[in-house]
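Encoded as structure tokens, the structure appears first; notes follow it.
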Amino acid sequence: MKVVEVKHPLVRHKIGLMREGNISTKRFRELAAEVGSLLTYEATADFETEKVTIDGWNGPVEIEQIKGKKVTVVPILRAGLGMMDGVLEHVPSARISVVGIYRDEETLEPVPYFEKLASDMPSRIALVVDPMLATGGSMISTIDLLKERGCTAIKALVLVAAPEGVAALEKAHPDIELYTASIDDCLNEQGYILPGLGDAGDKIFGTK
């Protein structure tokens with residue numbers, strides 16, 4: 001599995017700001033979208049382009065456009081919605097495919113409860129977004145579902161990842177790509193990433 005920990009200074013700075021314990025909902029939400037945007041820039045760097053001729057202001061002009069598979073953005077509810085606007089800044093015409101999964105706080109196992117995917121998944125590149133890759137369960141379940149629907153080109157974008165989650169994802173889906181702003185130290189006994197960001201969903205939405 002290709003793992004990219006984005007070390008751009010802007011990413012390091014912004015993810016550092018998100019670690020503040022008493023950060024406001026507004027600020028956390030803004031930063032989640034901003035880092036999501038920067039991760040998307042990195043994740044789309046290998047997209048192929050093709051030359052086309054258009055009518056310019058002074059006659060025909062040759063330009064480059066993205067070619068190949070179209071994109072679907074797949075936010076994992078609910079926290080993944082906090083990154084979606086940042087992703088769409090770069091791929092505004094992408095279809096949105098939504099997957100609802102929550103983590104059982106006792107077993108730490110993923111529990112799916114909703115899905116609404118683009119109808120043409122085999123012809124799309126999926127950018128799966130979720131702020132946290134902790135145990136990896138939610139991400140693995142989402143990618144399982146995408147593959148069942150025929151999607152073969154998948155990139156996962158997360159703000160913060162635990163080594164345990166990275167290892168679990170690589171074991172389950174070695175053929176995907178992972179982009180993250182930080183691979184943190186470890187998980188605690190409750191399955192939270194340390195030092196992490198806390199509960200990203202609560203901080204993005206302002207509700208527990």
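Cβ coordinates are placed from backbone N, Cα and C, and glycine is handled just like the others.
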Which of R95, R103, R149 does Swiss-Prot put in the same 5-phospho-alpha-D-ribose 1-diphosphate site as R78, D130, P131, M132, L133, A134, T135, G136, G137, S138, D199?
R103
Can you tell me which binding-site residues out of I193, G198, D199, A200 are within 10 A of D130 (5-phospho-alpha-D-ribose 1-diphosphate binding site) by Cα, answering none if there aren't any?
A200
So the record assigns R78, R103, D130, P131, M132, L133, A134, T135, G136, G137, S138, D199 to 5-phospho-alpha-D-ribose 1-diphosphate. If I measure every Cα pair among those residues, what is the longest distance in angstrom, as a whole number?
17
Local Cβ density at D130 (5-phospho-alpha-D-ribose 1-diphosphate binding site) - other Cβ atoms counted within 10 Å:
26
For G198 (uracil binding site), the three-state class that DSSP assigns:
coil
